[in-house]
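Asker: Attaching a single structure in structure tokens format; questions to follow.
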Amino acid sequence: MGTVVLKLTKEKQETVISDFTRHQVSPPPYARFAARTAGCIVTVYNSGKVMFQGQEAETVAVRYGSPIAKKTVSPASGSLPEGFANWSVVGSDEVGKGDFFGPLVVVAAYVDKTKIELVRELGVRDSKNVSDPEIRTIARDLHAVIPYEYRILHNPDYNRMQRTMTQGKMTALLHNSALNGLLTRLDEPPQAILIDQFAEKAVYYKHLSGETNQVKDNVYFSTKAEGIHVAVAAASILARAIFLKEMDQLSRQTGTEIPKGAGAKVDQVAASLLLRYGPERLQEWTKYHFANTKKAEALAKKRNRP
């Protein structure tokens, strides 16, 4: 099925709407009009973009303007096929690896090529450029329009596993599990899977050496993958939203606003919790092998001095 996207003036948008009014159907989120004919689906988004999909998409779209140039971003290594940004892709990303408090979260999300424009309309982009309130809003919208699978490794399990394996291996196991879960739910396999690279490909699969069901078909790895395909950006936003929800719950449990990251503010809060609840409870809420533990212990000792 062909897809053409035009950026049209308000006047041209109204022309499209007028031409397709008798074929009108209920529009998707962030769209003000949609129509379906035998050969083409037309969607007019609030942003002014108009998407034509179907066998007659190009023939119909050319009546109204020239298509927006499609993004074909690839890493410098050239390891991804041409036009990859417009494929139907499962993206996978993780959140929480560098945070002392809170779990490790991995999300695998599928964006069909027919939904790429819709996902962009929802505001999906590199999550580092999105505020926490917006993350929550976009994640709610994504929940309604794309399939995804998530895995949460809570701190008690994280600390237990960390005694015998690296964080990298834990992360790889979570990615593989989320990918397996999502793939079993899809009606047809994606054109590709893109993992935001946290380890070299050989190292990633070495981490999975003991796993029976290793996802290997059409799997690509790239750093800064959020900027390469919107599926990874969507996965990252969903993972962050889940992580934020977990942190909210942790704040309620402790009666303290729990900060993200692993900086000096984290040390101060950890020291306070250590004094109030003791080391066993602190271990339930943190990645205990981080250097923050020793720093919090030192701060707690200073505060306890007469």
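Glycine is no exception: its Cβ is also placed from the backbone N, Cα and C atoms.
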Asker: Which one, Asp19, Asp187, Asp196, Asp217, is listed by Swiss-Prot in the same divalent metal cation site as Asp93, Glu94?
Answerer: Asp196
Asker: Between 0 and 100, where does the mean pLDDT of the domain 'RNase H type-2' (87-302) sit?
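Answerer: Averaged over the domain 'RNase H type-2' (87-302), per-residue pLDDT gives 95.
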Asker: Just counting, how many other CB atoms are there within 10 A of the CB of Glu94 (divalent metal cation binding site)?
Answerer: 24
Asker: According to DSSP, which kind of secondary structure is Glu94 (divalent metal cation binding site) found in, if we only use helix, strand and coil?
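Answerer: Glu94 (divalent metal cation binding site) sits in a strand per DSSP.
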Asker: Compute the centroid of the Cβ atoms of Asp93, Glu94, Asp196, then list the same-chain residues not in that set whose Cβ lies within 8 Å of it, in sequence order, for the divalent metal cation site.
Answerer: Ser92, Val95, Val106, Val107, His175, Ile195, Phe198, Ala225, Val232, Ala235, Ser236, Ala239
